[in-house]
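S.K.: Got a structure for you, written out below as structure tokens; questions coming shortly.
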């Protein structure tokens with residue numbers, strides 16, 4: 001049977017104290033909404049419906065960027081969770097499969113949990129996701145009778161015996177689409193806040209004689225984010241899990257707690273990551289590479305055996321071939337570095353390609369921007385670039401070419417040619433002594449005046 005996702009993402013998130021919609025706050029460089037969508041994607045949903053409210057256009061853009069087939073609907077007034085789900089009714093018209101309701105600010109659901117919810121749906125009309133709370137506090141309690149969920153009891157209405165229950169409601173559920181919307185139609189708002197609560201569908205389903213159950217997961221999967229402190233805690237949880245996964249995959253993290261990973265970071269086995277490395281979004285590192293300390297990588301690809309850093313920056317579009325070397329205080333942007341090529345010190349390479357085996361001397365700059373447009377620099381194979389060379393793009397250096405130290409290259413250099421363009425040196429005898437005497441006299445004169 002096919003499955004649809006309904007992800008609730010309409011909340012303003014007042015406690016976040018932000019103009020950004022709560023579900024768009026990032027964990028490991030990816031919006032919480034995207035984490036929820038990726039969690040649900042394991043079910044291979046036939047339809048995905050995002051219910052947006054506050055900041056709807058920004059939410060729509062983020063959702064469609066992740067899944068262009070998603071449908072985004074608007075909850076103009078926030079009248080409760082049941083009302084939010086009901087906004088998906090039109091988008092799911094004619095859909096005969098199961099609906100799984102997720103929350104856009106609950107980013108840690110695991111694939112097996114969702115799969116177990118759908119497995120339970122085969123024998124029950126309505127499935128609620130619960131968790132064993134370390135501190136149940138004011139969560140709603142799930143009162144079970146065998147594998148049957150009898151009712152959800154809110155804390156303020158629970159007896160002392162019911163408050164002792166540690167099995168709590170997460171708010172997530174799975175149900176046949178037709179059944180779910182029929183249950184929601186029966187939900188009222190006769191409560192202090194005048195809202196329509198999704199949890200009420202359990203009582204309605206029981207009264208209709210439907211089979212209701214609850215599936216358990218660990219509490220961390222249901223962690224919701226409502227404040228900046230919650231966001232920081234959630235990010236820390238993600239980082240701990242992601243680091244552990246890399247270690248299990250055969251990646252060496254020399255100081256795991258200092259390495260920051262993005263949600264989509266991919267690192268191959270036998271790669272060594274030194275302390276204080278930051279991975280932005282869109283990074284792939286192949287097996288056997290080394291990322292040295294204090295490097296920052298984003299939107300780049302590092303091939304097998306390459307070495308990056310220390311103190312290197314790889315920006316979007318950086319492509320390092322096998323055994324390439326990028327050293328300290330080097331920045332690479334939108335550039336391909338060929339096999340075995342070396343860019344070892346104090347260099348900026350932007351909008352460029354460097355052929356295999358080439359060596360780029362310290363202080364080399366690709367002058368790629370004319371104030372309006374970017375231009376490319378093309379460096380062939382086995383080229384030697386002398387220290388402090390300025391490469392004024394657009395410019396091409398052929399295979400085997402060389403530049404003299406301090407050269408400003410403004411024209412193409414033929415293969416195997418030497419480019420030399422610098423002012424001829426003159427040594428003026430005794431000029432330095434006279435200049436220092438003049439400058440010291442000026443300094444002494446100013447000091448007397450003050």
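A Cβ is built for glycine as well, from the same backbone N, Cα and C atoms used for every other residue.
From Swiss-Prot, for reference:
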REGION    1-228  region 'Pyrophosphorylase'
BINDING   8-11, 22, 75, 80-81, 103-105, 140, 154, 169, 226, 315, 333, 348, 359  UDP-N-acetyl-alpha-D-glucosamine binding site
BINDING   105, 226  Mg(2+) binding site
REGION    229-249  region 'Linker'
REGION    250-450  region 'N-acetyltransferase'
ACT_SITE  345  active site, proton acceptor
BINDING   362, 368, 369, 387, 405, 422  acetyl-CoA binding site
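A description of the local structural setting of each listed feature is requested, covering burial, neighbours and distances.
M.R.: DSSP gives residue 226 (Mg(2+) binding site) a coil state; it is part of no helix or strand. Neighbours of residue 226 (Mg(2+) binding site), defined as other CB atoms within 10 A of its CB across all chains, total 14.
Sequence-distant neighbours of the region 'Linker' (229-249) (same chain, 6+ residues past either end, Cβ-Cβ under 8 Å): 16, 25, 27-28, 32, 107-108, 220, 223, 256-257, 259-261, 263, 265, 267, 269, 273.
According to DSSP, residue 345 (active site, proton acceptor) sits within a strand segment.
For residue 422 (acetyl-CoA binding site), the same-chain residues 6+ apart in sequence whose C-beta sits under 8 angstroms from its C-beta are 404, 406, 407, 408. A coil conformation is recorded for residue 422 (acetyl-CoA binding site) in the three-state DSSP classification, outside any helix or strand.
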S.K.: If you count the other Cβ atoms within 10 Å of each Cβ, which of the binding-site residues 11, 80, 104 comes out on top?
M.R.: 104
S.K.: How many whole Å apart are the CA atoms of residue 226 (Mg(2+) binding site) and residue 315 (UDP-N-acetyl-alpha-D-glucosamine binding site)?
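M.R.: If we compare the Cα positions of residue 226 (Mg(2+) binding site) and residue 315 (UDP-N-acetyl-alpha-D-glucosamine binding site), the gap is 32 Å.
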S.K.: Mind giving me a neighbour count for residue 362 (acetyl-CoA binding site)? Other Cβ atoms within 10 Å of its Cβ, every protein chain shown.
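M.R.: Excluding its own Cβ, residue 362 (acetyl-CoA binding site) sees 19 Cβ atoms within 10 Å.
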S.K.: Looking at the binding-site residues 154, 315, 359, 368, 405, which has the shortest Cα distance to residue 345 (active site, proton acceptor)?
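M.R.: It is 359, whose Cα lies nearest.
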S.K.: Using C-alpha positions only, work out which of the binding-site residues 105, 362, 368, 369, 387 is nearest to residue 8 (UDP-N-acetyl-alpha-D-glucosamine binding site).
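M.R.: Spatially nearest to residue 8 (UDP-N-acetyl-alpha-D-glucosamine binding site) by Cα position is 105.
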S.K.: Taking just the CA atoms, what is the gap between residue 362 (acetyl-CoA binding site) and residue 104 (UDP-N-acetyl-alpha-D-glucosamine binding site) in Å?
M.R.: 48
